[in-house]
Amino acid sequence: MPNASSWSASSPLLLLWEDSSGTRIFLSLLYAVLAISGTLSNVMVIYLVFSFKKLQTTSNAFIVNGCAADLSVCALWMPQEAVLGLLPPNSSSLRSAEYRLLRGGLLGLGLTVSLASHLLVAFNRYVLITKLPSVYQALYQRRHTGCMIGLSWALALLLVPLLPGLWAPGSGQQPPPRQTDGSPRYTALLLGLAVLGQTALLLHCYLGIVRRRRLSSVSVLLLCCVFLLGTQPLVWVSLLGFFLRPAPPALQAASWLLLCSLSALNPLLYTWRSEEFRRAARSVLPRG
């Protein structure tokens, strides 16, 4: 009987060895819903930005970059998890190291670029509102914007092969009773500190925008709250596992699910308050 803290071969994030078939089916359906809704919303935002000239701004370029990254999670990774959750845990096809590496790579690439895009959008809006127009125009020339987007993907491509355990907390194999090198613990620490630092910078940018305009923006407040809800559970679960003791497997699974669900929610967070996006969507969607 595998140890209770080990993850199943079929899903490195959410499904445990001892999960019942009902739990596995529920999680597979949840993955399917997130995959469909996230794919449609991300594709819609990308299509609108490329189709309407008024939406082709620097800030929206970073949003499109995030949507493209989120498609890696919603359109490529989540459907696989939805199907794998319905297969028996001892299926030989699920134990392939190459296949687990592919799934972990898709997830790592998507989440890394998506989190970087959140920060790029926040910093862009911060400079636009709090700095002189000349500073904004000098910083966000077309070439500079392209370099920022390219660096976000370069960073993700660099991290995925160097830290394979970062995006695959379970390898599908039972861990040894004692970890002598401590590498999983340091991986968790690196993950927690990286997301915590990114969150601090993002909140600094948005709070600076609110202070400068002397108003309380509902969209900024909602965006920050949803982002904190999606990222902070994983941060503190990771830090808890390093400094004290590993969190229960179900809590680890829930924290990863919240982070992954951001890929389906991001397009709505950045566009629902924009009249330009709503007008463009009404022009392409069927009436009623």
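Cβ from N, Cα, C; glycine included.
Computed from a predicted structure; not experimentally measured.
Taken from TrEMBL as is:
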| type | residues | note |
| --- | --- | --- |
| DOMAIN | 41-159 | domain 'G-protein coupled receptors family 1 profile' |
| TRANSMEM | 25-50 | transmembrane segment |
| TRANSMEM | 62-80 | transmembrane segment |
| TRANSMEM | 100-123 | transmembrane segment |
| TRANSMEM | 144-168 | transmembrane segment |
| TRANSMEM | 188-209 | transmembrane segment |
| TRANSMEM | 221-244 | transmembrane segment |
| TRANSMEM | 250-272 | transmembrane segment |
Within the domain 'G-protein coupled receptors family 1 profile' (41-159), residues counted as helix, strand or coil by DSSP: 104 helix, 0 strand, 15 coil
Averaged over the domain 'G-protein coupled receptors family 1 profile' (41-159), what pLDDT does the predicted model reach? 88
